[in-house]
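Participant: Got a structure for you, written out below as structure tokens; questions coming shortly.
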Amino acid sequence: MSGPAHFQGTIMQVKAEIQRLTAEINRHNIAYYVQDAPSIPDAEYDRLMNQLKALEAEYPQFAEPDSPTQRVGGAALNKFEQVSHLKPMLSLDNAFNEEDFVAFDKRLTDKVGSQVYCAEPKLDGLAVSLIYRNGVLERAATRGDGAVGEDISVNMRTIKSVPLRLQGDDIPALVEVRGEVFMPRAAFEALNDRARAKGDKLFVNPRNAAAGSLRQLDSKITAERSLAFYAYALGVVQDDNGADLVLAPTHKGQLERLTAFGLPVSKEVKLCEGLAEVMAYYADILKRRDELAFEIDGVVIKVNDIEAQQQLGFVARAPRWAIAFKFPAQEEMTVLEGVDFQVGRTGAVTPVARLKPVFVGGVTVSNATLHNGDEIARLGVKIGDTVIIRRAGDVIPQIVAVVPERRPDEAQDILFPDNCPVCGSLVERIEGEAVARCSGGLFCEAQRREAIKHFASRKAMYIDGMGDKVVEQLIDKELVESPADLFKLNVSKLTMLERMGTKSATNLVAAIEEAKTTTLPKFLYALGIREVGEATAANLAKHFRSLEAIRDADVDALIQVEDVGTVVAQHVAHFFAQPHNLEVIDALIAAGVNWPAIEKPSADAQPLLGQTWVLTGTLTSLGRTEAKAKLEALGAKVAGSVSKNTHCVVAGEAAGSKLAKAQELGIPVLDEAGLIELIGL
């Protein structure tokens, strides 16, 4: 057997040999890890790998970017850098039963007619984005909050089913792959066997093990954990000029392109026509759930036609054209030993069941939500009852039923408190609402704690380093009583906290100072107004353009805002009618909190104001995302479907049904050249 030391040749021949070995080993890796079809014996694979390692060690300048030797892990990182996604990585809405899915199907059918669905198992892992530039893996990132994730490129390179270079000749300049990292059952069991032998703490379930392994700062540890990856979608795809591309007209076709690129795709993907076939697929996968090599918590159902997906579009956090059809949660019986009442940020008083610990759905559960007084009455549950506990959506434990024949004689009624268990204020229940609330407002310490945590959180003011535990200590030590007090903190006060040295305190003070400059939408969201999430806060800011205008708006004015109904408008008006809330806002502004003014666009700057435009087909000179942004900057609303209210349709190459409908309705159509002239490129 010839070893690496016996290779003879010129420098250029050495380089060529390294390239040959790299390509050959990568082909064998795809055959083994992606196609489940080993092409050579293990001993021969090891010989090739040893040859490559030896040559790269002697000639490191010739190592290829997709060399399989990169998979063993490198130097440990100090932290993961944050990176922005090319387009948001959204979550999916859930269907928990057939009724939910039927409602989803009806919503789609009403908008775009009957559709073929593409179904696949819902892996219980971590969503990631892979970016290949000119075919080579450039970056990998976690989903994070959907807009910003963490750069895990080094760790992803250790996963053997992830190709470092895409296969084939017809590869676009930029390909973003969305998929799931998971730990197969066998790898999970082996990992826990090793931990048990060492006396280390065991991982609770494969998902936790995968999460902990993928986020190791030392990639050598990740490399040892036998993680796997399945691709489930394409993200941004662009040509050499940065124009967006659509690689196939169907989702199934796009998955086939991913397979051709050498990426692993679940073999359980199936096309389903109509409700009956979807339900049959769901039942089949549920039946085989425990036989699969990986854990799943449901199936994902997507509209197969890409143009129909584009017509359906998105809601704030999820696509309208896909849904996660969750499996029934695992259930167990246990005993309700008591009930505590917790107070949340908005004053909601929630009964929390204290349970005899029970192992269900991969975790030990000792608490479960009882939601509200109506739920307690519906269940007819008493302290001392034997109850059936379920992890709803395999995440949130809840009591779903009582076992009446096991009720003990000493069972006690659950009494909802008349006064807040934290501050003693009256507990009120507004007519028409199921939730009872503490009337104490920020006088209530529990509400104050949660309000300040929310104010400092990432999606709100984002004070880096101001986590929940820090806020808890600040309140316990009476250093902070309201959000404005956060901006009065200094190094000497912060060093009074546990595990807060001078350096950490200095960094936190700098983060507090940096957080003073924000945006009006983030500030509104940070205030914690009931029912005002990020999207509503952005709509309020866009509509009124100033805090003063929002403060002065009545319910009639507020319901003119996009997606704001009567209930939300009443919550907003009520919030700004409270003197204490206005005092908090004034104190924040006095502390230096500021944001750039939102200027009213001039009519000249927004000639398309009030018009609805639709994009269809492939735009070669600029991507669809850029075109949408340019049109919106000119005042247009860009919609996903054509209707009689559409003012104009921009038709790129391979325009489909939207163009046909526009022509049928007599709506003006602009080609790409006309669009470029309009936006002034």
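Just so you know, glycine gets a Cβ as well, placed from its N, Cα and C.
Sharing the record's features from Swiss-Prot:
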type: ACT_SITE; residues: K122; note: active site, N6-AMP-lysine intermediate
type: BINDING; residues: D42, A43, E44, Y45, D46, S91, L92, E120, R143, E180, K302, K326; note: NAD(+) binding site
type: BINDING; residues: C420, C423, C438, C444; note: Zn(2+) binding site
type: DOMAIN; residues: 603-681; note: domain 'BRCT'
Participant: At the level of the C-alpha atoms, what whole-angstrom distance separates E44 (NAD(+) binding site) and K122 (active site, N6-AMP-lysine intermediate)?
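Facilitator: Counting only the Cα atoms, the answer is 36 Å.
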Participant: Looking at the binding-site residues R143, C420, C444, which has the shortest Cα distance to K122 (active site, N6-AMP-lysine intermediate)?
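Facilitator: So, of the listed binding-site residues, the one sitting closest to K122 (active site, N6-AMP-lysine intermediate) is R143.
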Participant: Of the binding-site residues D46, L92, R143, K302, which one has its Cα closest to the Cα of C420 (Zn(2+) binding site)?
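Facilitator: For C420 (Zn(2+) binding site), the spatially nearest of the binding-site residues is L92.
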Participant: Using DSSP, what is the helix/strand/coil residue split across the domain 'BRCT' (603-681)?
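Facilitator: Final tally across the stretch: 27 helix, 17 strand, 35 coil.
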Participant: C-alpha of C444 (Zn(2+) binding site) to C-alpha of K302 (NAD(+) binding site): distance in Å?
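Facilitator: Just about 45 Å between their Cα atoms.
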Participant: Restricting to the domain 'BRCT' (603-681), what is the model's mean pLDDT?
Facilitator: 83
Participant: Measuring Cα to Cα, tell me the gap between R143 (NAD(+) binding site) and C438 (Zn(2+) binding site) in whole angstrom.
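Facilitator: Each residue's Cα considered, R143 (NAD(+) binding site) and C438 (Zn(2+) binding site) end up 36 Å apart.
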Participant: Sequence gap of 6 or more, C-beta under 8 Å: which same-chain residues meet both conditions with respect to C438 (Zn(2+) binding site)?
Facilitator: V343, G347, V349, C420, V422, C423, S425, L426, V427, C444, A446, Q447
Participant: Using DSSP and three states only, what is L92 (NAD(+) binding site)?
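Facilitator: Looking at the DSSP assignment, L92 (NAD(+) binding site) belongs to neither helix nor strand, so coil.
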Participant: Compile a sequence-ordered list of residues in the same chain as L92 (NAD(+) binding site), six or more apart from it, whose Cβ lies below 8 A from its Cβ; state 'none' when nothing qualifies.
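Facilitator: Sequence-distant Cβ neighbours: V300, A318, P319, A322, I323, A324.
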Participant: Quick one: what's DSSP say for D46 (NAD(+) binding site), helix, strand or coil?
Facilitator: helix
Participant: Which residue among the binding-site residues C420, C423, C444 has the fewest other Cβ atoms within 10 Å of its Cβ, if you could check?
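Facilitator: Sparsest of the binding-site residues C420, C423, C444 by Cβ contacts within 10 Å: C423.
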Participant: Excluding C420, C423, C438, C444 themselves, which residues in that chain have a Cβ inside 8 Å of the centre of the Cβ atoms defining the Zn(2+) site?
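Facilitator: Nearby residues not in the site list: V343, G347, N419, P421, V422, G424, S425, V427, S439, G440, F443, E445, A446, Q447.
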Participant: Would you count the other C-beta atoms found within 10 angstroms of the C-beta of K302 (NAD(+) binding site) for me?
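Facilitator: Counting Cβ neighbours of K302 (NAD(+) binding site) within 10 Å gives 21.
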Participant: Starting from the Cβ of R143 (NAD(+) binding site), draw a 10 Å sphere and report how many other Cβ atoms land inside it.
Facilitator: 20
